[in-house]
Every structure is written in structure tokens, then in C-alpha cells.
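*Asks:* Once you've had a glance at the structure underneath, I'll fire off some questions.
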């Protein structure tokens, strides 16, 4: 299709704040409605709090007061305050700030001069007030545009106050989750010992840093030994082993949670293995040493380089070696001092090695069996690009885990063959709760799915950025969804912890007349559509994905319109108990729950 009238009039120039409003995803990631912890409204809060914490790190102000009234957020710190003559520029002009100067800020996340400006641009109301030496300067903005400003005398303590209301024109209907906010504030407190966060009169404070953090994430009964903890000015970590599968990490850079890891996390993993092997004077495999390891890590570095604006993965090359060297040294010293701890870790490593060798024969049989069937993975319709290659499209790659040939057929014919793969399940997968990992290799379908994802050894080889469960919106579909989540939570929980697991949202209803067709994802949306079409309309209830035609399905899985719900783990210590209740033995408690909630 040819583009008509491409001339000078088609070239437009946007101001920095206009660009933020038009392309908000470049600055805050997804928009969302507040139902997901990664939604943009939480990023707005984070950007302001980051500035307050930067003040605390530099030794100015150990309290941050945060209030939420409906959706109006206010944040007050007692740092140095923004220089009064630069308040307006500091919150409205891109690339303006003091964090380019090491004398003022040494360990900061917000080094790009964008964060606060993005909050300003994306808020219908944005008020900033800076107080220094008995004077205050305040400025009021709306959607990034200055409405008024003034300088006044003040008896308040030095510091900065920010109040904002996220713009409903950008975010639509949204609300903040109290659980998400409190979880984040607790993390801030653990990452900054001595910092007090007062949120609506609830205090968040940590005396033991990441030790408190890891204790909140793991049940003490699951620990094979007491949590090992270390802290210095630029490196802090805590770890222990459990009997769970895989490795679990919570890593941070200058207070920023890096759920995709990065060079600091790689350095920790390498240093940990070297320390154990050096102490034991053996050459155990890294898998045997780290299987079941749960660790949290925080580093403070100058000029952090992240792989995106949302700062999920650290890219500083030199950090890997520096962290590995220090971790190896510290853990070696700890092992030499604590012989009981050393024996417990050695026992875990030896047990891991034994189990791996026992598993190897089962693996070999499964691979030989798979070779006889096909050189390709059965039931996999693969895509051209993958997450573990170096293509520009790697971030867009996804695999749909669906059930039945009819649903698969609709999706195959309308998918993007470059970035969207499909793995078709044959009925309900096996319930893997409390099963041994060897059971995967005895189950052809689960084995093929694991190989298709590339996660047999670890999720470092994950072939798709998003693993999307796409099942029917009925009880059977929900059951299959739960069985798949049980499988991943049991053997590959880090796949979910690192934000790769999603649920495909497909419409429940189609409401249409001769001119308009509306797809509805809830009973509420259906009733609204019926009212808008004013009678005489046809209502179709989709019982299964196979009932949706390929032409319709194309709109539901198109990269620009797909609706995905991210699977979040709020607290890993609750996983075993929750899975036991829903997927374990049919206890009287579960029967009562079903009677009270489903019948």
C-alpha cells in the first residue's frame, strides 16, 4: 500500500514531555490498570521514591512519608531538597539533574534524567515543593505543562514533597493494590538498613537488610541451614539451600529490582561455585552446587548500565568479575570459619550429584525415545526467532501452550510465524505436585514441552520470552491451567519469578449487529455492549478456543492487541502450602472450600 502525500507537513516535532505522553511505554513499560505489579502506575511511584532513597544513601534524611488517598499519591522526604532555582527544570526538562555529578550522587538508579519528568508528563496533577534553608519553592503542573509556581518562606524541614495523580487519559480506569505497594515498601526498607518508610501511618523498617528479606520469602522449615548473610558498603547478599528444584534469585542494583538478573547475578553465581569447589577441593558441576539455592543480592555501583528504561537487567561488564571475586573470597572465609555449615553444604552438593546421576539414565531413555519419534519436537509449531538468539525480535517471542487440535488450528493459521510458536497439549497433563523430577522424563508430553522451552538444564536457555498458557475459559480449561502452573511451580519456579509466565485472555462473548461487532471479556462488558448496540443484537458465548475463527483469533493474538495477564509470585514461601491445598490430597478442608465457593 502506497503512502499518499508524504511531504514536509507530515514531519512533526514533539517536545520531550509530549513524546513521553505519546510513547509512554518507552519510559515506564506497560500501562496496565494496577492489577499487575509491573503496571506503569507503580513505576510512577517508584521513580519519585528512588530520588528520596538516593538522598538517604548520600546520608540525608532517614524517613520517607508516603500517603495514598484514593489515587492521589504524595511523597515527602527530608533530604537536601532540590535547589530552589532549578525546581521547574528538574521536573520538566529531560536530561536535567544532579545525578551526572559523582560529588552529589554516587550510587543512583536514576542516572538518565527522565524519571520525575515522566511522572510529571503522565499525571493530570503534579505538584512539587522543595524546601531549603527556610524557603520553599513549589510548582503545579498538569500533563507536563506548568500552571503556576511561587517561592515562599517556610519553617518546614529541608526536603522535597511531590504529589501526583496519574492521568486517566493515559492509564484509563486504574487502582493501586495495597499488597503490591506494601511489598515494595518492605523491599525498599530491606535494601536500605536504617531507612524508615511511613505509608499511611504503617511503618516499614529493616534492621537486618537482606537477611530480613530472605526470611520473609522462605519458610524456616524449608531451609537446609541457617541463612548466610554478608554486608559491605557496595555488596550485600544472603543465601541458603532448600530441597526445591532449580535456583532462585532476587537481585538488586542501587535498590532497583533486576528480575532478569544481569552481570551482578552472573558474578554471584560464578563466585559461589568457585568458593564451594575451592573449599571442598573438588570440581563439582555448577548445577550440583547451585541446585536448590535461594539467594538475594544487592550491589551499589557507579554509572549502572541497564538494558532498558525499566532497568530489569544490568549490563555493566566489569561488575561480573568484581562481584565473582568478592563473593568467592567472602564465602570461602565463611566456610573455613563455620565447619558445620560447610558440612551441610557439602551434603547438599553430594546429594544433588547423586540425584543428577540417577536422573541421567532416565534422561537418556527419554531422549532415545524422542529420537525414534521424530528429530523435531512433536506438537510444536515453532517460530523463526527465539529469546536466546541475538535477533532484534527476541523480546517479542512467545509460545502458546494450548489444548486440542481445533484451538491449535485456529492459532496456527493466524499467528506471527516470526515470533509466535505453539505447543499443543493432548488433553489434561499429569498432576506433578510432589512428584520427582524423573517423572518428567517418563511423561512424553511434559518432556517434549520442557525441551521445546529449552529449560531442561536452566532457564538461561529459555527459547521464548513469554510462555503463554492458552486454555478454554471453562472449568476444564481452568483445570489444565492449574496443572500447568503446578508443573512449572514445582520444577521451574524461576521461570515465573523472572516474569516469563502469562495467561492469554480471550473473549467470553461476541456481541454484534449488522454493523458493529464487540468482543467482551466479562459479563459486565457484555451487558454494556448490549446496551450500546440498543437491542436487535446477536450474543455468542465462546465455550472454547476452537469456536473462535482464525480471522477473529488474529486480533486476539496480534502483538499490538493481545491481552496477557502476567503470573506473579507474591511470596515463594507460600507455594508449597497453596499447591498442597489445591493440587494435593482431597482433604476435608478442600472439600469444604469447594462446597462453600463453587456450588
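Positions of Cβ are set from backbone N, Cα and C atoms, glycine also.
Take a look at what Swiss-Prot says about it:
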BINDING   6, 51, 77, 110, 111, 112, 113, 114, 115, 116, 311  ATP binding site
BINDING   403, 472  Mg(2+) 1 binding site
BINDING   472, 474  Mg(2+) 2 binding site
DOMAIN    397-507  domain 'Toprim'
SITE      428  site 'Interaction with DNA'
SITE      431  site 'Interaction with DNA'
SITE      479  site 'Interaction with DNA'
SITE      590  site 'Interaction with DNA'
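On this model, are these features tucked inside or out on the surface, and what's nearby?
*Replies:* Less than 8 angstroms from the CB of residue 115 (ATP binding site) sit 47, 48, 50, 51, each of them six or more residues away in the same chain.
Taking the Cβ of residue 403 (Mg(2+) 1 binding site) as reference, residues of its chain lying under 8 Å away and at least six apart in sequence are, in sequence order, 424, 425, 426, 427, 428, 471, 472, 477, 480.
Secondary structure from DSSP puts residue 472 (Mg(2+) 1 binding site) in coil.
Counted with DSSP, the domain 'Toprim' (397-507) comes out as 48 helix, 21 strand, 42 coil.
The Cβ neighbour count for residue 428 (site 'Interaction with DNA'), using a 10 Å radius over every protein chain in view, is 13.
Taking all protein chains in view, 16 other C-beta atoms sit within 10 angstroms of the C-beta of residue 431 (site 'Interaction with DNA').
When Cβ atoms from all protein chains are considered, those within 10 Å of residue 479 (site 'Interaction with DNA') total 14, not counting its own.
Within the same chain, residues at least 6 positions away in sequence whose Cβ sits under 8 Å from that of residue 590 (site 'Interaction with DNA') are 581, 582. A helical conformation is recorded for residue 590 (site 'Interaction with DNA') in the three-state DSSP classification.
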*Asks:* Averaged across the domain 'Toprim' (397-507), what pLDDT does the model get? Just tell me the whole number, please.
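*Replies:* Taking every residue in the domain 'Toprim' (397-507) and averaging pLDDT yields 88.
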*Asks:* Out of 6, 77, 479, point to the one nearest residue 431 (site 'Interaction with DNA') in space (Cα versus Cα); all of them are recorded positions in the record.
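*Replies:* Spatially nearest to residue 431 (site 'Interaction with DNA') by Cα position is 479.
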*Asks:* May I ask for the distance between residue 479 (site 'Interaction with DNA') and residue 77 (ATP binding site), taken between their Cα atoms and rounded to an integer number of Å?
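*Replies:* Counting only the Cα atoms, the answer is 48 Å.
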*Asks:* Fewest other CB within 10 angstroms, which one of the binding-site residues 77, 474?
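*Replies:* Across 77, 474, these binding-site residues, the one with fewest Cβ atoms within 10 Å is 474.
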*Asks:* Give the sequence-ordered list of residues that share a chain with residue 6 (ATP binding site), lie 6 or more positions from it, and have CB atoms under 8 Å from its CB.
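*Replies:* The answer is none.
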*Asks:* About how far apart, in whole Å, are the alpha carbons (Cα) of residue 77 (ATP binding site) and residue 474 (Mg(2+) 2 binding site)?
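*Replies:* Per the Cα atoms, residue 77 (ATP binding site) and residue 474 (Mg(2+) 2 binding site) stand 49 Å apart.
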